[in-house]
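Accompanying notes for the structure given below.
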Amino acid sequence: MDWHFTKMHGAGNDFVVLDGVRQNITLTPERARKLAHRQFGVGADQILLVEPATRADADFRYRIFNADGGEVEHCGNGARCFVRFVHEQGLTDRNPIRAEICTGIIVLNEQDDGEVNVEMGRTSFEPAAVPFDSAGLVPRIEGEDRLWPLALTGEDGAERTVWVSVVGISNPHAVQVVDDVDTAPVATVGPRVESHRRFPRRVNAGFMQVVDRRNIRLRVFERGSGETLACGTGACAAVAAGIRRGLLDSPVRVQTRGGVLTIAWDGEQLVMTGPVVTVFQGVIDVDTLLG
Ligand SMILES: N[C@@H](CCC[C@H](N)C(=O)O)C(=O)O
């Protein structure tokens, strides 16, 4: 059995996109992991599976799998690739498109300049909703935000505390402010935050450098994929946290290692705008390579 796929990226966060509308696709976590593998598969940060909608108020459903095979709630850069994919593949000429993700509906609009904007849905800062176990912790209040102390143990066994904003964009984020993203300890602190025991579903760990009130630089160690060149929901979480902390004003230009995303937030709806690139199309022999 063969699957046709499209390789895409949004600001360097890369995807294998599968058409589950015209193909009969059973994507298990193991198959997703193999497809995403950079040596033995096609290679991707996430796999996107486009399917018929299951509710009347949506045009399509799309599902997201991290490189480790886990299915997740939301993906900002993936959302932009999804809308370009359904247009390029002739699955619809509707614009904007309403897409069903596992936590609700998001609205996507392909602009005349080739960028895509996405109404990402609502943000939550309630620990239980993220989810984050805040029992026994005393937050530091900054502006309207609460910074939570996370105790981390270093490779040398030494304890240190990092202060994070905890944000739910359907998926979980922990954002810390750093002086310089280039020297931030993303590779060492990122995995410790990602799997910290206070995040029962793990977490995406963001490192934000505030350049000025409308510009940040951002790196994200993503849950289930490691550091990526850009993380759309991570950009939304960083901007929302930065605005609540009184550090930023909407809209904010987010410089990632793979490109620029623009995030607007009115305190309710988050709107993300950014680029999309189709890299190539291919066919994969499922029985031989994915099992
Ligand atoms: N790259 C994404 C986020 C993908 C999911 C994330 N790793 C998670 O586990 O929540 C984005 O652009 O938002």
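The first residue you see is number 1, and the count goes up from there.
Cβ atoms are placed via backbone N, Cα and C, with glycine included.
Per TrEMBL, substrate is bound by Asn13, Gln46, Asn66, Gly76, Asn77, Asn171, Glu222, Arg223, Gly232, Thr233; the candidate from Asn95, Asn109, Asn204 named for the same site is Asn204. Rounded to the nearest whole angstrom, the C-alpha distance between Thr233 (substrate binding site) and Cys75 (active site, proton donor) is 6. In this view, Arg223 (substrate binding site) is surrounded by 25 other Cβ atoms within 10 Å of its Cβ, with every protein chain counted. Compared over the binding-site residues Asn77, Thr233, the count of CB atoms lying within 10 A of a residue's CB peaks at Asn77. The two recorded residues Cys231 (active site, proton acceptor) and Arg223 (substrate binding site) have their Cα atoms spaced 11 Å from each other.
Rounded to a whole number, the distance between the Cα atoms of Asn13 (substrate binding site) and Cys75 (active site, proton donor) is 10 Å.
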